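Inspection log for the structure reproduced underneath, given as structure tokens.
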Amino acid sequence: MRMRNKPWAMDFLNEHGHIVDTDSSYAGNIQGFFPSKQPIHVEIGTGMGSFIIEMAKRNPGINYVGIELDKNVLIRVVEKVKEQELDNIKLVLLDARKLEEYFGEEEVERIYLNFSDPWPKNRHEKRRLTHEGFLEGYRKIMYREGHVEFKTDNRSLFEFSLRSMNNYGMAFEEVILDLHADEPPENIRTEYENKFSAQGNKIYRLKASF
Ligand code: SAM
């Protein structure tokens, strides 16, 4: 997702430090960011944020953390969180490569990866968020009984992810090859999901645990 560069982005984000952590102030103390201590669910690559905001509305007993590396994208999410007055969702300007520095061991119950960038060239496969390098980081910060939920319309990335998670020894709780054919009511569509589905693409989903 490419957004026009906004020179005022950092000033805007810094003004909303109660919603968004721009300088990793809460690294190692994520519960301190929230009014109450509750299980932590993380979405990596929130994009415009409609998924995580709807999750936070439906599940007040969970603390949601949205990780996004693009400050120009994150502005839009901050604005929406402000409008909704939700206190169980916080955003972090962070590259997922640094997750282990941000969260403590076994601190996270669930990770959502929605329509992650496919990085189709083989030489870029380490950048895919389901590459074993990332799985290693997720495993360290997740509870044992936690799971990763991944949705994509990209068949190659889905197959790569199944192989990568399987090779890493993860157990699959669910593998769906056409999520919208019989869409479960709990499914919350993301912006990319709506766009790709409208183009006639199938949506794949898996849930897997360590
Ligand atoms: N999840 C949203 C959706 O489904 O509509 C957005 C999908 S968009 C294709 C991928 C998003 O992930 C972008 O906003 C991008 O900036 C973010 N992203 C990509 N790599 C990331 C990383 N390593 N850490 C954090 N965010 C990342």
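The chain as shown is numbered from 1 upward.
Note: Cβ is positioned from N, Cα and C throughout, glycine not excepted.
Owing to the predicted nature of the structure, the values given are computational and were not obtained by experimental measurement.
Copied over from TrEMBL, here are the features:
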BINDING   Glu43, Glu68, Asp95, Asp117  S-adenosyl-L-methionine binding site
BINDING   Lys121, Asp153, Thr190, Glu191, Tyr192, Glu193  substrate binding site
REGION    123-128  region 'Interaction with RNA'
Local backbone state of Tyr192 (substrate binding site), from DSSP in three classes: helix
Distance [Cα-Cα, Å, rounded] between Tyr192 (substrate binding site) and Asp117 (S-adenosyl-L-methionine binding site): 11
Annotated binding-site residues Glu68, Asp95, Lys121, Asp153, Thr190, Tyr192, filtered by Cβ under 6 Å to ligand 1: Glu68, Asp95, Thr190, Tyr192
Integer Cα-Cα distance in angstrom, Glu193 (substrate binding site) to Asp117 (S-adenosyl-L-methionine binding site): 13
Nearest of the binding-site residues (Lys121, Asp153, Thr190, Glu191) to Glu43 (S-adenosyl-L-methionine binding site), judged by Cα-Cα distance: Thr190
Neighbourhood of Asp95 (S-adenosyl-L-methionine binding site), C-beta criterion under 8 angstroms, separation at least six: Leu69
Annotated substrate contacts Lys121, Asp153, Thr190, Glu191, Tyr192, Glu193, maximal Cα-Cα distance (Å, integer): 25
